[in-house]
Ligand code: AHG
Ligand code: MN
Ligand code: MN
């Protein structure tokens, strides 16, 4: 019976995803349930890190040239094992693994590529700040190892699902799979996620902008002009916007998704390491762009739609301007010389 999808409040994530009224393809529901299950393990570990000596850094540097937190590695391994166990995931790309992981035995027709950031906002772990997990799901098209790169480096429009888990005052699972964006809150008594934010829609315009203002001196002229404009008082256009910045993309984007406004991680002027910004396309920017667009928002580099970008490398960085459609369009006008 194709009634409304299961989106009345109080429905658990498991029931929602397994119900035939929720328009989700094939094994995707089972895959998302697995990600939800493993996120509860990560949530528990985040909550107990200080008690378990899991704070701090391993002393190793990842492919990004960044310090690896203990929880980054632990969460990566837990996610890899869980995705392997599903039998559905043929290829994995992770912020914490230099090369993609190919799982031959899972590489059947209809299998998935999952790109993920096991712990986003790691610098917040040791100060008990909000962190998250970000994931992006797309189909394998070929089946052998030789087809792996071609299947990974595809536009964000080919994602079949994307989501994030936010380990904040409550743990939330937010996903989109082509129809709507739904948010679930972990109910410890049920030990399952319960639908609390059905059909999230981002406001057309917001009142906050979210960017690391400390990089102002490194930005290109258009970025500076966007931020100068948003922070200049003008009652008629609801300015100045308030600045909100957690330093964890999941936390900053969750606020932007619910309340509207703008999140930016722009590139820096010149040809340095951060010329394209800091955030990675496959497992941070593209999944978040997919989610925000399905909530009615917009995501671009300032010049081009994020989901139309054809990736060339696994850990490729892109500048991102994302959030309420009116706010992103306004920012784009500065980048495109219309303001
Ligand atoms: P990660 O911890 O996975 O490396 O991601 C951190 C990212 C993102 O979460 C956040 O928006 C950004 O880094 C903050 O960077 P700055 O500290 O340079 O502002
Ligand atoms: Mn991240
Ligand atoms: Mn990370």
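Each position is counted from 1, following the chain as shown.
The backbone N, Cα and C atoms fix where each Cβ goes, glycine too.
Taken from TrEMBL, the feature domain 'Fructose-1-6-bisphosphatase class I N-terminal' covers 12-198.
What TrEMBL records for 95, 117, 119 is Mg(2+) 1 binding site. Counting only same-chain residues at least 6 apart in sequence, those with a Cβ under 8 Å from the Cβ of residue 119 (Mg(2+) 1 binding site) are 42, 46, 69, 71, 72, 75, 125, 131, 132, 133. Annotation note: residue 119 (Mg(2+) 1 binding site) sits in a strand segment as assigned by DSSP.
Summarising the annotation, TrEMBL assigns Mg(2+) 2 binding site to 117, 120, 284. Within 10 Å of the Cβ of residue 117 (Mg(2+) 1 binding site) there are 29 other Cβ atoms, across all protein chains.
The Cβ neighbour count for residue 122 (substrate binding site), using a 10 Å radius and every protein chain shown, is 25. Taken from TrEMBL, the feature substrate binding site covers 120, 121, 122, 123, 212, 245, 278.
Confidence over the domain 'Fructose-1-6-bisphosphatase class 1 C-terminal' (202-335), given as mean pLDDT on the 0 to 100 scale, stands at 97. Residues annotated as domain 'Fructose-1-6-bisphosphatase class 1 C-terminal' in TrEMBL: 202-335.
Less than 6 Å separates the Cβ from ligand 3 in the case of 117, drawn from the binding-site residues 117, 212, 245 in sequence order. Excluding 95, 117, 119 themselves, the residues of that chain whose CB lies within 8 A of the CB mean position for the Mg(2+) 1 site are, in sequence, 72, 75, 76, 94, 96, 116, 118, 120, 122, 133, 134, 283, 284. Only 117, of the binding-site residues 117, 245, 284, place a Cβ under 6 Å from an atom of ligand 1.
Nearest to residue 120 (Mg(2+) 2 binding site) in space, judged by Cα atoms and limited to the binding-site residues 95, 212, 245, 278, is 95.
Each residue of the domain 'Fructose-1-6-bisphosphatase class 1 C-terminal' (202-335) gets a DSSP state, and the totals for helix, strand and coil are 58 helix, 23 strand, 53 coil.
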